[in-house]
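Database features (TrEMBL):
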- 26-83: region 'Disordered' (REGION)
- 26-45: compositional bias 'Basic and acidic residues' (COMPBIAS)
- 167-193: region 'Disordered' (REGION)
- 176-187: compositional bias 'Basic and acidic residues' (COMPBIAS)
- 199-221: transmembrane segment (TRANSMEM)
Amino acid sequence: MNCWEVLGIDPTRDRAAIDRAYEQQKKFADGEELDRLHQAYREASGEAPEEMAGSEPVSEGQASPEPQHQREPKAAPGAELNAEEQQIVREVVIQVKALLNDSRRAADEGIWRAILTEPPADQDHLRDAIARSLEQQVRPMADNGSFPPAVVAFLADWFGWRELESGRQPEPADQTFDREHESRESSFEDDSQPPVTNFWPAVIGWVVALVVLATFFDSIFGG
């Protein structure tokens with residue numbers, strides 16, 4: 001992955017956006033991942049992050065990592081996104097695609113929650129736009145068992161993909177029904193077997209008795 005994929009943003013010269021992406025990814029990185037993140041930050045910004053470069057003061061021309069603008073509280077459903085909102089959606093989508101490249105982190109429901117619920121991406125219209133952008137790639141993976149149940153449940157609830165939960169429910173129920181059905185059949189066979197086993201000795205006994213009686217009467221009348 002290149003530095004932008006590691007940071008989870010599109011290529012940009014906006015230092016504030018780079019700083020925000022770095023701080024966001026740093027929450028989930030450790031060990032080698034943290035080293036890759038430091039390297040990606042250096043490549044993207046041209047210098048090391050503050051904790052690696054030392055206590056150099058931030059110059060006046062350097063942008064602050066804090067958000068520059070207050071976000072709109074909410075837009076009407078289906079409203080078109082402005083340029084700033086489109087950038088937010090792109091950044092979240094890139095972060096998710098970077099997450100999918102790490103199966104261990106992709107199995108952590110907490111990381112998915114931190115990325116997708118980070119304001120302002122948690123606004124309804126932005127959430128819907130993110131869902132549309134991720135649906136073709138993420139939804140099939142959630143549906144075919146690529147993620148653990150906790151991640152699937154969160155995605156189904158967050159994006160409104162209810163079919164993910166309902167589609168996975170019948171399987172355990174069917175398995176339970178099959179086990180109960182097999183148990184009943186086995187019990188029925190066990191209960192049915194003893195009468196069949198005891199039937200033949202009775203038949204043989206009757207045949208022997210008839211032969212003895214026939215021989216007895218034959219000897220009497222024949223004599």
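Every residue gets a Cβ built from N, Cα and C, even glycine.
Remote same-chain partners of the transmembrane segment (199-221), defined as residues 6 or more beyond its termini with a Cβ less than 8 Å from a stretch Cβ, are none. Across the compositional bias 'Basic and acidic residues' (26-45), the DSSP tally of helix, strand and coil residues reads 15 helix, 0 strand, 5 coil.
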